[in-house]
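Scroll down for the structure; my scribbles are underneath it.
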Amino acid sequence: MSETGNRLRKLLESPNFDPQNYVKQLSQQSDGDRDLQEHRQKIQNLADETAQNLKKNVYKNYRQFIETAKEISYLESEMYQLSHILTEQKSIMESITQALLLTDKDETSKEMQAAFPKETEEVKQRTLTSLLEKVEGGKNIMDTPGRHLVYNGDLVEFDVDNMSPIQKVHAFLMNDCLLIATWLPNRRGTVKYKYNALYDLESFAVVNVKDNPPMKDMFKILMFPDSRIFQAENSKIKKEWLEILDETKKNKATKDRHKKEEEVPTSPVRAEVSTNPFDVDDDEPADAEESVDLSLEWIQELPEDLDVCIAQRDFEGAVDLLDKLNEYLKDQPVTPRVKELRLKVDERVRQLTEVLVFELSPDRSLRGGPKATRRAVSQLIRLGQSTKACELFLKNRAAAVQTAIRQLRIEGATLLYIHKLCNIFFTSLLETAKEFEMDFAGNTGCYSAFVVWSRSAMRMFVDAFSKQVFDSKESLSTAAECVKVAKEHCQQLTEIGLDLTFTLQSLLVKDIKAALLSYKDIIMEATKHRNSEEMWRKMNLMTPEALTKLKDEMRTCGMGSFEQYTGDDCWVNLSYTIVAFTKQMMSFLEEGLKLYFPELHMVLLESLREIILVAVQHVDYSLRCEQDPEKKAFIMQNASFLHDTVLPVVERRFEEGVGKPAKQLQDLRKSTRPVRINPESTTSVV
């Protein structure tokens with residue numbers, strides 16, 4: 001920019017610039033209209049330069065934005081992997097913590113016994129009665145005989161969703177239940193608390209909550225589908241609560257088990273011996289019930305352990321417990337106690353199934369790929385729900401593929417977009433197939449569902465493919481290249497035994513047929529237009545370079561004998577119309593062969609025949625109408641080129657590409673043999 005332009009720029013960019021004063025001064029200093037026009041041109045040039053710089057900066061920043069978005073995408077993927085690693089480490093640490101708690105169990109029990117010496121039943125009940133007098137609405141709690149206090153203390157309840165403190169409570173742990181009472185803001189005499197909830201010990205599970213400052217010293221009580229979180233005063237009191245709750249629950253379970261075992265008939269009756277051989281022995285159910293030992297500790301705690309595993313998302317541990325129970329009861333008779341246990345376990349199985357189904361739902365994150373579903377799928381299969389696992393897995397992958405296709409940005413170059421589309425789709429399909437084969441290796445009945453899903457996924461791919469390639473009216477050469485890319489990617493699936501080539505072809509046949517017919521019409525219209533302006537003159541290419549280029553083009557088209565039609569200097573002994581027709585038709589043939597498959601055989605063949613007939617009929621009409629012997633001889637030479645050179649090349653190339661001869665093209669060549677000229681007259685003879 002000139003020095004004047006720089007001064008003008010600085011003036012306009014100054015913070016104290018006043019447009020009105022500037023225009024007023026400019027009007028006073030100018031000598032006339034010409035000075036104002038020159039100044040206006042300078043400002044316009046400055047505005048154009050500023051706009052150009054703005055466009056460059058926008059483009060530069062746009063590129064930086066794209067690069068930043070890619071980096072963010074990579075970072076998001078790494079964070080997702082890191083989240084999985086941290087989840088696994090969390091699970092490991094929790095298992096280590098549980099092991100350490102079990103190791104210290106005996107020592108803690110001794111300390112508890114020393115800290116809380118055993119009292120008589122009467123003293124415990126008296127203590128509980130005195131404490132319950134301080135609870136508003138808790139008078140009826142002592143109506144249950146044998147109920148006594150085990151432990152009590154102040155706790156703070158937190159909201160499960162946002163982990164904010166709700167209220168201060170006082171918990172009373174009794175030998176068969178847990179009472180939660182809230183503090184009264186306005187005390188009335190000896191009453192300090194208000195009744196809130198009473199839970200039977202068998203109706204809830206206790207889960208340790210990992211410390212996450214400032215949230216620490218907490219534990220959770222699970223009453224499906226609800227839960228409550230409480231915070232102890234310190235870690236020691238929290239440990240006491242966990243240990244005493246666990247010990248009290250076990251004592252109650254043991255006591256209930258012994259009570260059932262000790263139950264005997266009050267008046268034994270002597271069994272009568274029946275002589276009827278068809279009578280059923282009534283002693284068998286009782287003997288069978290006695291033979292099934294459900295007093296084992298792990299069986300008594302099984303429902304509670306399942307609740308804990310589901311709450312902690314330990315799906316493998318939950319299914320392991322179920323397998324262990326099924327193995328134990330496999331050869332055992334079905335007794336009322338077994339049925340009761342089965343009902344409790346079936347409810348947990350239903351809850352576990354719902355959680356696993358949610359893990360596979362498309363609403364969950366789809367960025368983990370097919371491997372992210374392996375955990376939930378494998379556990380559903382172990383639960384005997386392979387059909388549901390297959391259905392959910394395929395729905396999850398369909399949503400992932402559809403999302404990936406939607407997120408693919410449409411590029412300006414169609415071929416570049418198709419390369420990206422094929423890479424995303426067929427890579428996802430290949431990964432899904434490998435993961436499916438790994439997850440459902442022992443369930444051959446699910447393979448038919450995968451084949452059906454593959455066809456529907458291919459339909460989704462073809463919709464996106466056709467919308468970009470055929471609906472946008474791309475050239476036939478571009479469409480042929482895009483279809484070739486799709487076929488090559490489809491062939492990659494054969495390495496896992498999945499051949500979808502026929503499906504791809506059947507879905508594309510309609511669009512390819514329409515493209516071939518449309519391009520055929522374009523060639524025929526262009527040929528007819530050139531024919532209408534035909535002067536039947538030799539081609540003069542003016543320069544040797546142009547002649548060499550034409551020879552190379554015709555050689556590429558397969559016209560090896562084209563040399564004999566070139567004359568001296570830069571002349572070609574053929575009409576421009578015939579040469580242009582030859583190049584256009586051979587291009588159509590090559591692109592059509594790239595798009596070829598058996599369903600399109602007659603479409604391509606008839607299109608070639610119609611295109612050739614346009615040129616042949618024009619030559620025949622010109623021979624009949626032309627009266628000049630020299631021009632007639634030149635037309636005859638062009639007809640000979642079509643019949644002896646072009647048509648045989650078309651037949652041979654079609655047979656090479658298709659694999660079988662084209663009888664229609666052979667018949668067409670025989671019916672259009674060249675015309676010879678009678679030297680004694682001006683008429684032509686066939």
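Quick reminder: no glycine exception, Cβ is built from N, Cα and C everywhere.
TrEMBL labels come from automatic prediction, so no person has curated them.
According to TrEMBL, the feature compositional bias 'Basic and acidic residues' maps to 252-263. According to TrEMBL, the feature domain 'PH' maps to 148-250. Positions annotated as region 'Disordered' by TrEMBL: 252-286, 665-686.
Long-range Cβ contacts of the compositional bias 'Basic and acidic residues' (252-263) within its own chain (Cβ-Cβ under 8 Å, at least 6 residues beyond either end) map to 175-176, 201-202, 295, 300-301.
In the predicted model, the domain 'PH' (148-250) has a mean pLDDT of 85. Residue counts for the domain 'PH' (148-250) by DSSP state, with H, G and I taken as helix and E and B as strand, are 19 helix, 61 strand, 23 coil.
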